[in-house]
Structure formats: C-alpha cells, structure tokens
Amino acid sequence: MNPIRSITKLLSLVPVLLWTLLIFHFSSQSFHEQSIQPILHKWFTKEGMLSVVPEMTIHYHHSTIVARKQPFEFVEFLFRKGAHLFMYAMLAVCALFALVQARWKLGFKILLAIVYVIGIASADEWNQARSVERTSAMQDIVLDSIGGFLGLVVLILCLAMFRKIRRNITLRRGEVP
C-alpha cells in the first residue's frame, strides 16, 4: 500500500477520535461541573425567564420539569439535550469523513457512521452511570442517535447543494460538468 495513502487514512481518524474523547470527557464530569444554571442566574432574573418560557411540562427519565415553575432548570434541560444533538451530529460527520478513504458504497459508510454513533452513545451512557451526580438514560441513546442521523442528513444536503451550485457555475461559464 502507498505510504502516503496509509498516512492519509490514519489522519482521517484523528477528528473522530478526538471528538469521541471530548464526548467522554464531558460525560465524566459531574452534573454541577456542567451546569449552566449559575450563568443563567447571573444573566437573567426569574421574572425575565418566565416571560420567555412556554407553559410546558417535560417528563424525562425519573424527573418532571415544569417550565413555568422551574424556568432555569427548563432552559438548562433544553440546552443539555441540544448539546447532545450537536455533539452526536458532529460525531457522525467526523465518522463519515473518516470513512471517505474506504472503497465502500456511500450507503454502507453512512450505516457504519450511525452504528459508531450508537455504539459511542451506549458507551457514553454506561460511563455516565458510573460518574458522580450523573444518571444514565436509554432516552439519551435515542436522542444521540437522532443527533447523529440529523448531522448526516444536514451534511448530505449541504454537499448536494454545493455540487448543484458548482455545476450551475460551471454551466454558466460554458464548461462541460
């Protein structure tokens, strides 16, 4: 095998490995280390928060969050779950880019990226179950998987849009695509 190709393959693994380590770093932190509530309390009053949160109750794992009674907890909950979606969307994108060098069909590469995301999400929940002040929830594995799937959908749509724009520019110049 070509040594440059081997190095390129190894380097393509770096982002996915670093992002995976970042996920495990965050999941090893305590709930209080990750809490954004101190910042929310510093920047906003309870009255200000109440003016923007909806009348909504969320039942998640073994807790209930009533937005109008617990606005700071509600916003933090949404932030945390949004962070799950983002982190796993990026993980899936990194995993797919790591597989670009492989000579498999795109559909198989996407499947492998999703399987990797589900595997890391499961290991992440196992890690959280053993971390201080953290709980593990099957719902988070589902949420993380949805995040990975959405990340790949957005990536594929962006790439398709980029190709279309590039093709249109080429056609305007009179070049053959």
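Using the three backbone atoms N, Cα and C, a Cβ is placed for every residue, glycine included.
Whatever TrEMBL says is automated annotation, not expert-curated.
Look at TrEMBL and you will find 14-157 tagged as domain 'VanZ-like'.
The transmembrane segment annotation in TrEMBL covers 82-99 (among others).
Tertiary proximity for the transmembrane segment (106-123) is limited to same-chain residues at least six positions away from its ends with a CB under 8 Å from its CB atoms, namely 16, 20, 23-24, 88, 91-92, 95-96, 99-100, 140-141, 144-145, 147-149, 152. The transmembrane segment annotation in TrEMBL covers 106-123 (among others).
Using a Cβ-Cβ cut-off under 8 Å and counting only residues 6 or more beyond its ends in the same chain, the transmembrane segment (143-162) has close neighbours at 81, 84-93, 96, 110, 113-114, 117-118, 120-121, 124. Per TrEMBL, transmembrane segment is recorded for 143-162 (among others).
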